[in-house]
Amino acid sequence: MALLWTVLSVSTSLLLTPCLMFLLAIMFLASMGKSLGVRRLYVKTLLKIFEYGRESIEIAKRQSQTNEERKAAEAAEGRKALLNGNATPVSDSPSPQDPSPHGDNGHKQDGVLVNSSHVISHDLILQPDPELNYNGVQSDSDKDKDEVELPRRSSEDKLKRDFELSDCFEFVKAGVEAIIEDQVTSRFEAEELRSWNLLTRTNRRYEFISWRLTVIWMSGFVMRYFFLFPLRVLICFFGVMWLTICTSIVGYVPEGKFKRWLNRRVSIMCFGVLSNALSAVITYHNVDNRPQYGICVANHTSPIDVLVLACDNCYSLIGQRHGGFLGILQRALARASPHIWFERGEVKDRTAVTQRLKKHVSDPNNPPILIFPEGTCINNTSVMQFKKGSFEVKGAIYPVAIKYDPRFGDAFWNSSRYSMMQYLYMMMTSWAIVCDVWYLPPVIREEGESAVSFASRVKREIAKQGGLVDLMWDGQLKRSKPKPEWKERQQEEFSKRLKVE
């Protein structure tokens with residue numbers, strides 16, 4: 001026992017000084033806004049490893065496909081030899097007992113009988129209107145039954161008719177497609193990867209496909225869980241403590257220009273330290289459009305969005321009040337600068353939030369307030385409906401587009417499946433967080449433009465810049481059912497098709 005304590009004390013004394021020097025170096029570089037470029041070199045190395053893994057998987061797939069084709073060819077040759085050995089002479093004229101190659105019942109292909117009566121004809125394409133099913137093409141058997149083709153109605157005749165059962169086919173089709181895969185549900189699942197990133201949480205079929213890939217995967221597992229994860233936890237703990245201490249000190253400084261300057265420097269420094277806990281590599285574009293005041297809106301993927309933007313600028317935040325780890329950060333930030341926290345379900349809070357938002361924006365000395373108008377996290381493949389509240393306030397809107405690279409780690413937080421601590425664990429055991437941030441030019445509401453149209457216009461610009469899909473759906477559909485008026489609009493639209501003018 002004494003020997004164990006001696007070993008632990010010696011190990012602690014040997015590692016304590018290097019760890020402290022490492023943390024001090026991180027804090028110093030973060031305060032200066034500088035980096036040694038180690039993380040970018042690390043990301044470039046990972047890209048080369050991923051490319052090697054992709055090539056190894058493709059080679060293994062080709063080899064597997066070749067083996068399967070060879071086995072299938074050998075089986076076909078065996079069946080052909082068996083049929084040739086038991087074959088009987090075939091007469092020139094077709095008979096019911098021996099189908100001819102040109103008969104109606106079927107034909108032989110590679111010694112195997114294929115029944116032609118079960119071949120699907122693609123000339124028959126189902127459409128909502130039965131008259132459009134045949135596309136002007138009929139088989140010989142159809143012409144024998146009905147020598148005259150079905151007459152086609154003009155577009156005016158199609159509109160002026162009574163209801164038929166076939167009129168609802170397109171709605172049935174759309175409903176079946178929505179059951180299989182709709183535009184909303186797929187936005188709250190992890191983004192699919194084009195190639196494997198050596199993480200079993202994204203694919204569990206490739207780690208043992210070849211011995212070289214197995215060695216690389218095991219080496220990455222050891223590095224992520226036994227080196228990077230403990231180091232990131234240590235940096236995160238130190239970063240949160242440092243943020244709490246620094247914001248508490250800033251809170252005691254009298255209001256004025258010096259406090260605003262100090263708050264900006266402290267905020268960028270502390271969030272820069274925290275970004276090291278995720279090995280974040282962030283590239284900022286069009287920094288001339290960086291917001292200095294007013295309202296900044298961005299697409300929302302996870303709570304990491306705040307960290308990504310706060311590493312380059314100081315923001316006031318508006319959002320739902322949280323408990324746990326996020327609650328600690330919210331209370332720490334509120335000591336140094338004005339933030340707006342609210343309860344999502346209370347109507348009184350919504351009214352108060354609007355008033356506080358207008359008051360905050362009216363003061364040019366306040367930092368820009370960061371808002372995520374979607375109101376929920378999306379998986380970074382699309383941008384969903386923006387709430388109109390932040391677009392009703394007078395003043396310029398500064399749009400920001402955030403796009404993560406899912407190859408290094410999935411930044412999307414599915415709050416209905418993972419708690420905040422589980423999410424942080426997944427992020428700290430990923431390879432890194434790599435993203436691009438685009439600052440877009442400020443946008444001003446046009447005269448006569450509604451808040452809804454203004455929000456849609458800003459959303460469209462963010463989606464275009466970030467390479468995201470622009471969707472009209474409300475992100476809150478993952479928590480609630482569709483509104484009844486949406487169903488009524490569909491019913492009204494359907495009824496208009498059947499009205500006779």
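Placed from the backbone N, Cα and C atoms, the Cβ positions cover glycine too.
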Feature transmembrane segment in TrEMBL, mapped to one of the ranges 209-227, 304-322:
209-227
Below 8 angstroms Cβ to Cβ, which residues of this chain, lying six or more residues outside the transmembrane segment (266-284), approach it?
26-27, 29-31, 33, 39-40, 42-43, 228, 232-233, 235-236, 238-240, 242-243, 246-247, 250, 290, 304, 307-308, 310-315, 336-337, 427-428, 430-437, 439
Using a Cβ-Cβ cut-off of under 8 Å, list the residues of the same chain that are 6+ residues beyond the ends of the transmembrane segment (233-254) and lie near it.
19, 23, 26-27, 262-263, 266, 269-271, 273-274, 276-277, 328-329, 332-333, 335-337, 424, 428
Looking only at the domain 'Phospholipid/glycerol acyltransferase' (294-405), what is the mean pLDDT?
85
